[in-house]
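Q: Have a look at this one.
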Ligand code: NCD
């Protein structure tokens with residue numbers, strides 16, 4: 001296959017002499033740093049892992065054998081931590097989890113000292129979740145291996161957006177002209193930020209519905225249109241993505257009461273009827289049933305893609321771990 005002449009950071013993919021697409025990033029820190037083709041490339045890579053995970057009882061691949069993956073989680077997590085762990089293990093990596101609650105972070109160690117310590121252990125890839133926006137970038141700047149952002153503060157959660165995009169692409173066939181309504185605590189949500197950027201980059205029309213107090217100022221810069229009217233935002237929607245109220249990030253009251261919030265912004269079967277008849281319901285989890293979503297919607301097998309999102313999470317994380325460690329595995333020409 002001929003080598004394309006575009007620069008690595010150009011709009012089109014470049015290929016090495018063997019015809020492999022070059023992913024021009026050392027780390028995966030934010031969707032805002034990715035070009036549309038780079039997002040599509042990671043989704044295509046993930047498709048391979050969906051097929052492998054579904055088809056075979058023997059899911060172990062082994063291509064990361066001998067590499068050490070450290071999952072450093074400074075914030076609670078169920079889905080993201082577990083799926084990064086399963087993804088690493090299916091690829092054959094030695095996976096080690098560091099929980100901040102039981103680490104020296106609680107003894108006052110600075111983030112930079114923690115980064116230097118992780119680096120001295122010669123990890124080959126580090127996955128980090130942190131409560132402060134920008135913390136993952138700070139660690140990435142201090143270590144010698146690829147870093148994956150598993151969620152930093154209110155900022156970004158890139159693998160969540162990739163797994164959501166993969167779920168949507170598989171169910172709806174593409175993004176062009178698709179109307180995606182994201183509803184909930186958008187202000188505090190790294191999931192919403194990454195999703196707005198990702199879905200807009202892929203060609204979807206993104207609507208955001210939230211109380212004014214929970215709507216960030218620069219929604220339009222992230223490719224979305226904001227409204228406080230959830231019913232209007234549901235009109236004609238192909239996908240409805242619900243978000244949890246992130247109470248742990250709220251300083252004071254942002255809503256009058258959970259009951260009132262549910263009346264205006266809770267997704268019920270009646271409200272879902274305002275969207276397209278085949279509209280897909282999504283939620284990154286954890287769900288607060290009876291607040292932003294009712295069980296009648298969340299558990300509807302015809303409409304809800306919530307468990308499929310979890311399945312796609314493993315495949316997307318396998319793809320990201322594989323792609324980012326290609327240079328450590330001496331696959332030539334990788335960033
Ligand atoms: C989200 C997160 O942690 O940002 N959850 C997840 O990763 N699946 C959303 C949330 O906590 O509400």
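Quick reminder: no glycine exception, Cβ is built from N, Cα and C everywhere.
Whatever TrEMBL says is automated annotation, not expert-curated.
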Q: For the carbamoyl phosphate site that TrEMBL assigns to 79, 80, 157, 160, 285, 286, which of 122, 129, 259 is also named?
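A: As annotated by TrEMBL, 79, 80, 157, 160, 285, 286 share the carbamoyl phosphate site with 129, chosen from 122, 129, 259.
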Q: When you measure from the Cβ of residue 190 (L-aspartate binding site), how many other Cβ atoms are you left with inside 10 Å?
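A: For residue 190 (L-aspartate binding site), the 10 Å Cβ neighbour count is 24.
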Q: Applying the rule Cβ within 8 Å of the centroid of the Cβ atoms of 79, 80, 129, 157, 160, 285, 286, what extra residues of the same chain belong around the carbamoyl phosphate site?
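A: Near the carbamoyl phosphate site, beyond 79, 80, 129, 157, 160, 285, 286, sit 77, 78, 150, 151, 191, 284, 313.
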Q: Listed binding-site residues are 129, 157, 190, 244; which sit with C-beta under 6 angstroms of ligand 1?
A: 157, 190, 244
Q: What is the separation, in Å, between the Cα atoms of residue 190 (L-aspartate binding site) and residue 157 (carbamoyl phosphate binding site)?
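A: So the alpha carbons of residue 190 (L-aspartate binding site) and residue 157 (carbamoyl phosphate binding site) sit roughly 5 Å from each other.
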